[in-house]
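A.B. asks: My questions all concern the structure below.
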């Protein structure tokens, strides 16, 4: 990509962001749009505008984001959101501190050498050069003493990363501890999940087996148990019933509107009884839905009894009267054989994946290996089309493969736009197809909670993006452009690949710019959610429930957001010394991301679950992986530059990274996988209502409107009924 195309990409991306920011300022002032731009505040009963919409200016959201505290983020979006912002600020700090040294030192060192000029004079046909290349490490001649500056810079980036990651780990550990020490009653802190329960002894029920086992170990603090059931059929009926209730409310709303718009008696809506409501006998919608609701309620009650009595699974929830006992039980080995009576901390009730709880230990292990194999195949087969995309979407290759496009492509304005955006857009669109597949694979491992599944998905997506986007694009473009040279000299593949690394820097510069300007511009303006909301409101929504469903924002989407940020961090780290110009782009990406997403966390997104920062160890591990990739990249590139000291001096860096990761895991990780007892022993501000805690774990499809407990007598134990807490 030449310099004019690079500037075009950067300028148009910035212009798009400014336009989208102004759109956000204008649209967010309108009261009818408050559900799109302030849903989190509305859900918490707060005033969307705090000072009046007319007094707002285009930069007001920046001031509000900067003035907000970490506690404000926790109050609005939870600890997980606060931990995510610790990651963004840590990445930003790494790049700022690195750039303060690398930019003023490395740019002059590279710019005052003449390797690019020498290569041009030699007429090297396998490499194309632009003005940007004069500022890169590639402009330094092989074996030059100037390479000492780049070697010292490699160490500087690594040491800065170690220091800031350590500080962040300490800070996040404190956030998690403070959240778990909260005097507020959290149901999951009084429960444990029990899996791999052995066969029921003769003469006992599953409920009696679980009760007697835990009562014998925890005679003073065990409250009662809840046996998990196979809810597939009852969930199906419940979902159908809820669907008819929504349709009934919709029909009632349509009927009420008809009274206002037409005759006083109104026009009762009708529906056909056939498939999709478009064929069959025409009937009154309200009466039809009423009949269906009555029929399904009876069917649901019958299926609930069958489910609770006949579909019990070898897993259960055990409840304790204090959270110290629950925390201790979750960390203890309960049976001599590790594949029986497996006890772990209970997930939040709202994030339990019920269908996975019954899966046995060895089945879970086998599933993990199978899923790893499938993910490896996915990465391998996705790498092929991504490599082709990265190669084919360059204009030179398009003109070779599709000669009829030459007249169009050679137009200066078209050429500039295509060079600036075509490869990046093709890559971004291609990656958008993957997350749902990886989430489904993560759930197939037997993971018990949504939060855990999201972390697993994030890890898979990170390694996928690194192997396919960073490495795949680099190798794909290089192999395509140097194939003839490799064919003539197969032994030159390593040197050709390494020497082409600076040439790929311009692609990643524009890729990062496109992501932060256009990506964050769309995030802030919420144009797509706004259009969808108003279309649904005008044509589909008739009830308050339908309206809320149309504007409900969901959460931050950590499964894809964190890997996307990690990809950018990896790219910037790996090119920070080779092409220091990329550092300001990384700084803008994480700085702008911090501002935009802080605004969204405070006003837009509503958390769907809370793990109290459990994703941080996974983020930390992947930052270390990105750092090691950077160190290995620099080791290879210094080898190509024939710098004799690099082999000896750079080998300690990956070893140091592994040692740092090991120390962090030993010091911090246990407090994230388990709850420390000194944290769990803090006093609560009220005596917990154990009955309410236990009922919060009952799935909605099994909830009963009856006041008595007979409905649940087969799956829910009656231990400790006497003396239960108020």
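Please read every residue number as a count from 1 along the shown chain.
The backbone N, Cα and C atoms fix where each Cβ goes, glycine too.
Pulled these from TrEMBL:
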{"type": "DOMAIN", "residues": "5-167", "note": "domain 'CSC1/OSCA1-like N-terminal transmembrane'"}
{"type": "TRANSMEM", "residues": "6-27", "note": "transmembrane segment"}
{"type": "TRANSMEM", "residues": "81-107", "note": "transmembrane segment"}
{"type": "TRANSMEM", "residues": "147-166", "note": "transmembrane segment"}
{"type": "DOMAIN", "residues": "189-356", "note": "domain 'CSC1/OSCA1-like cytosolic'"}
{"type": "COILED", "residues": "283-310", "note": "coiled coil"}
{"type": "DOMAIN", "residues": "367-638", "note": "domain 'CSC1/OSCA1-like 7TM region'"}
{"type": "TRANSMEM", "residues": "369-392", "note": "transmembrane segment"}
{"type": "TRANSMEM", "residues": "461-483", "note": "transmembrane segment"}
{"type": "TRANSMEM", "residues": "503-522", "note": "transmembrane segment"}
{"type": "TRANSMEM", "residues": "567-597", "note": "transmembrane segment"}
{"type": "TRANSMEM", "residues": "617-638", "note": "transmembrane segment"}
{"type": "TRANSMEM", "residues": "645-663", "note": "transmembrane segment"}
A.B. asks: I'm a bit unsure how to read this: which one of 6-27, 81-107, 147-166, 617-638 has the highest number of Cβ pairs shorter than 8 Å with the transmembrane segment (645-663)?
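C.D. replies: It is 617-638 that shares the most Cβ pairs under 8 Å with the transmembrane segment (645-663).
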A.B. asks: Taking contact to mean three or more C-beta pairs under 8 angstroms, with sequence separation of 6 or more, is the transmembrane segment (503-522) in contact with the transmembrane segment (6-27)?
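C.D. replies: In contact, yes.
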A.B. asks: Could you please provide the mean pLDDT value for the coiled coil (283-310)?
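C.D. replies: Average per-residue pLDDT within the coiled coil (283-310): 91.
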A.B. asks: I need to check the long-range neighbours of the coiled coil (283-310): which residues 6 or more away from its ends have a CB within less than 8 Å of a CB in the stretch?
C.D. replies: 229-231, 233-234, 237-238, 240-241, 244-245, 247-248, 251-252, 254-255, 268-273, 701-702, 704, 711-712, 714-716
A.B. asks: Check the transmembrane segment (81-107) against each of 147-166, 567-597, 617-638 and return whichever range has the most CB pairs under 8 Å.
C.D. replies: 567-597
